[in-house]
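Take a look at the structure set out below.
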Amino acid sequence: MKTTYLFVTAFLALASCAFAFDPSPLQDFCVAINDTKNGVFVNGKVCKDPKLATPNDFFFSVKEGNTSNPLGSKVTPVTVNDILGLNTLGISLARIDFASRGLNPPHTHPRATEILIVLEGTLYVGFVTSNPENRLITKVLNKGDVFVFPIGLIHFQLNVGYGNAVAIAGLSSQNPGVITIANAVFGSNPKISSEVLTKAFQVDNNIVDNLQKQFWVDNN
């Protein structure tokens, strides 16, 4: 009960920070146009008449994730796309299920800070600071432990326990976005030039070609 109270308090504090700054973008870009007759898309979602709101606008049921994939993990996000009532509230969450040795691979949320609590199991988690330091900050978390991943930084979670693991992540955006690093770099469509990647990673062209031929699993 004490741990749950701590997480709820931290989550609400994180959510309140969303109102302390200018509004953050809720999609990758929002191209402006001068002709308002053709411009109805806003930075978020258009709202319906509050009088027409129903309980289902604020409800969603999260199921156990299927971890039968090469990563051994499944992220079940709950964003404004799942709960329409989240629109403009600046918060969302995700349930993360891990099989034994399952990994939520290095990724980043371009629009949100993440606060994570372990419900079951043991996770090795960490994030990397920005250039030029690129310092790795890690921690082993057990049931009830809470960890924060700052907005935009690459982070990961690995199940290092003896069984399955479950975690809940709170995020400071209704649409935090996710960029899985390996998928974005080696699985982009169209492909990034091998010349760019061989020079960036300082590896042989054959290695890059092999990585680009892989099927990169999306666990979201």
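A Cβ is built for glycine as well, from the same backbone N, Cα and C atoms used for every other residue.
Caution: TrEMBL annotation is automatic and unverified by curators.
Annotated features in TrEMBL:
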- N104, H109, E114: oxalate binding site (BINDING)
- H107, H109, E114, H155: Mn(2+) binding site (BINDING)
- C30-C47: disulfide bond (DISULFID)
- 60-209: domain 'Cupin type-1' (DOMAIN)
- 1-20: signal peptide (SIGNAL)
Can you give me the Cα-Cα distance between N104 (oxalate binding site) and C47 (disulfide bond) in Å, rounded to a whole number? 34
Within the domain 'Cupin type-1' (60-209), count helix residues (DSSP H, G, I), strand residues (E, B) and coil residues, in that order. 22 helix, 56 strand, 72 coil
Inter-residue C-alpha distance, H109 (oxalate binding site) and C47 (disulfide bond) (nearest angstrom): 25
For the recorded positions C47, N104, H107, H109, H155, the one whose C-beta sees the most other C-beta atoms within 10 angstroms: N104
Far apart in sequence but close in space: which same-chain residues, 6 or more away, have a Cβ under 8 Å from E114 (oxalate binding site)? V148, F149, H155, A169, G170, L171, S172, P176
What's the CA to CA span in angstrom from H107 (Mn(2+) binding site) over to C47 (disulfide bond)? 31
Would you list, in sequence order, the residues of this chain other than N104, H109, E114 that have their CB within 8 A of the centroid of the site's CB atoms, where the site is the one recorded for oxalate? A94, H107, T108, A112, L116, F149, H155, A169, L171, P176, V178
Any idea what the model's mean pLDDT is for the domain 'Cupin type-1' (60-209)? 96
